[in-house]
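Asks: Could you have a look at this structure, given as structure tokens, before my questions?
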Amino acid sequence: MSQQPSVILATASYDHTIRFWEAKSGRCYRTIQYPDSQVNRLEITPDKRFLAAAGNPHIRLFDVNSNSPQPVMSYDSHTNNVMAVGFQCDGNWMYSGSEDGTVKIWDLRAPGCQREYESRAAVNTVVLTPNQTELISGDQNGNIRVWDLTANSCSCELVPEVDTAVRSLTVMWDSSLVVAANNHGTCYVWRLLRGTQTMTNFEPLHKLQAHKGYILKCLLSPEFCEPHRYLATASSDHTVKIWNVDGFTLEKTLEGHQRWVWDCVFSVDGAYLITASSDTTARLWNLSTGEDIRVYQGHHKATICCALHDGAEPGPS
């Protein structure tokens, strides 16, 4: 077993590879060939042990600390591109969303899919609420649905803009806000209010015209970024914009990518952002200056997704 790096940074590309990078030096230290399909999304388990790669139509789990090119597990019951993947905070189960119109839950300690929810349209994005009891999905027809995991049903439906695909969803770490970004460059922001029951109510707070192009990813800053609260929006207009959540004023525009920016992820303290772009590169940005301080070069085609885990692992496992 090799010594585990404290910062796990991975990217995936249309060149059918997944690459692991030394975040500071920019050196690629491991490449996994992924011949079966493109990889749409990467996510690292909370304990930093595994990397999930969402492909078409499977999800593969790779060991972060081995050099084996083979996945340790494959999850296979989706029937089309898997566009979203993530983990419950203890790492006991995984969730996914696919263009086959379903949201699924997988127990990582058992084979097969444990639960399935029907969105009836291609699912582009799924997020888990911080209390770990609801999944929120966004689909190609513009529907946002809240799936109550306790009641095992859809507890809420929203359509911010009819027939405008919801590309990305993000929830504030304290569950106070949810943001949905769409194909018209618009972000819809709601306050999340708890009703008398467990039902979540969405109170419209703001509509932000963030970009002229598509927004491919929106992301709210993490807890350790407090008292600052930011929203990052990555766009087909080649830029990423950083918005102050207090009033939704523009703080910084990150310029440097030459093509679409598909994905972004904050460092654990919210001081840095990693981005992935069709220009084949990933970049590390210092958000206090808005400058890119590292370029990760090695992919031969569009870099579609990135994953970063630079925080502490949760308590003793």
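Yeah, the Cβs are placed from backbone N, Cα and C, and that goes for glycine too.
Bear in mind that TrEMBL entries carry predicted annotations, made automatically and left uncurated.
Note that the coordinates shown come from a computational prediction; the quantities given were computed from them, not determined experimentally.
Heads up, here are the entries from TrEMBL:
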REPEAT    9-31  repeat 'WD'
REPEAT    75-109  repeat 'WD'
REPEAT    116-157  repeat 'WD'
REPEAT    208-253  repeat 'WD'
REPEAT    254-295  repeat 'WD'
Asks: Can you tell me which parts of the same chain pack against the repeat 'WD' (116-157), counting only residues 6+ beyond its ends and a CB-CB cutoff under 8 A?
Replies: 80, 83-84, 86, 88-89, 95-105, 163-171, 173-175, 178, 180, 182, 192, 198-202
Asks: Between 0 and 100, where does the mean pLDDT of the repeat 'WD' (75-109) sit?
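Replies: Average per-residue pLDDT within the repeat 'WD' (75-109): 96.
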Asks: For the repeat 'WD' (116-157), give the DSSP counts of helix residues, strand residues and coil residues.
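Replies: Across the repeat 'WD' (116-157), DSSP assigns the residues as follows: 0 helix, 25 strand, 17 coil.
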